[in-house]
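Visitor: From Swiss-Prot, here are the annotated features:
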ACT_SITE  His9  active site, tele-phosphohistidine intermediate
ACT_SITE  Glu82  active site, proton donor/acceptor
BINDING   8-15, 21-22, Arg58, Lys60, 82-85, 104-105, 151-152  substrate binding site
SITE      His150  site 'Transition state stabilizer'
Amino acid sequence: MLQVYLVRHGETQWNAERRIQGQSDSPLTAKGEQQAMQVGERARSLGITHIISSDLGRTKRTAEIIAQACGCDITFDSRLRELDMGVLEKRQIDSLTEEEEGWRRQLVNGTQDGRILGGESMQELSDRVHAALASCLELPQGSRPLLVSHGIALGCLVSTILGLPAWAERRLRLRNCSISRIDYQESQWLASGWVVETAGDVSHLDAPALDELQR
């Protein structure tokens, strides 16, 4: 059985400002750095062998902090990037027009072909994050990888493993530096392949922060 841990990046400046990030970027806050250190402390006891991270700055920094604690090398994979949110990236949520807010709501309310102008659909996101996950099956026997990615990306990954469509209503909360675990297994009482063991664990954090889409 292959165990894969999933970690959302630490709190960023734009999270705190309720600003849409997508594939744009902002640095971790002091709280975000502390959250990443707490993940590192937890990960040190999990036997992590590989860290694979989105190549955006906020995930790279989170991965670097975790890697220092684990003593692991980091591989960067652009397929683990956040959903491309097109023309709304860098905008504060409270500043959106009614039309723009309608685009954003399509990403959370179950609109099958929803997307922000200039951005990705949830199905496109799902296809690439699943491709990144499938690469973990090529790691050496006994590996235990930890993937560092983003809130919508990881939420889509976990939800689709559970059998939901990529565009399903968004009802899974993954806070900054939460830890989830998925396993690739063969069981008599579970469907073969990927299963969800835990999702959104924040028991290792002193004060989990809310992101801009969860307030």
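Using N, Cα and C of the backbone, Cβ positions are placed for all residues, glycine too.
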Visitor: Using DSSP, would you call Gly151 (substrate binding site) helix, strand or coil?
Guide: helix
Visitor: Return the residues near Met85 (substrate binding site) by Cβ distance under 8 Å, restricted to its own chain and a separation of at least 6 in sequence.
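Guide: Sequence-distant Cβ neighbours: Ile20, Gln21, Gly22, Gln23, Arg104, Ile116, Gly119, Glu120.
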Visitor: Looking at the binding-site residues listed here (Arg8, Glu11, Trp14), whose Cα lies nearest to that of Glu82 (active site, proton donor/acceptor)?
Guide: Arg8
Visitor: Inside 10 Å of the Cβ of the residue listed as 'active site, proton donor/acceptor', count up the other Cβ atoms and send me the figure.
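Guide: Neighbour count, Cβ to Cβ under the 10 Å cut-off: 27.
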Visitor: Roughly how many Å lie between the Cα atoms of the residue listed as 'active site, tele-phosphohistidine intermediate' and His150 (site 'Transition state stabilizer'), rounded to a whole value?
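Guide: One finds 6 Å between the Cα atoms of these residues.
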Visitor: Quick check: in three-state DSSP terms, what is Gly22 (substrate binding site)?
Guide: coil
Visitor: Could you say whether, by DSSP, Arg8 (substrate binding site) belongs to a helix, a strand or a coil region?
Guide: strand
Visitor: Across all chains shown, how many C-beta atoms besides its own are within 10 angstroms of the C-beta of Gly151 (substrate binding site)?
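Guide: For Gly151 (substrate binding site), the 10 Å Cβ neighbour count is 24.
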Visitor: List the same-chain residues at least 6 positions away in sequence whose Cβ sits under 8 Å from the Cβ of Arg8 (substrate binding site), in sequence order, or say none.
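Guide: Listed in sequence order: Val148, Ser149, His150, Gly151, Leu154, Leu174, Arg175, Asn176, Cys177, Ser178.
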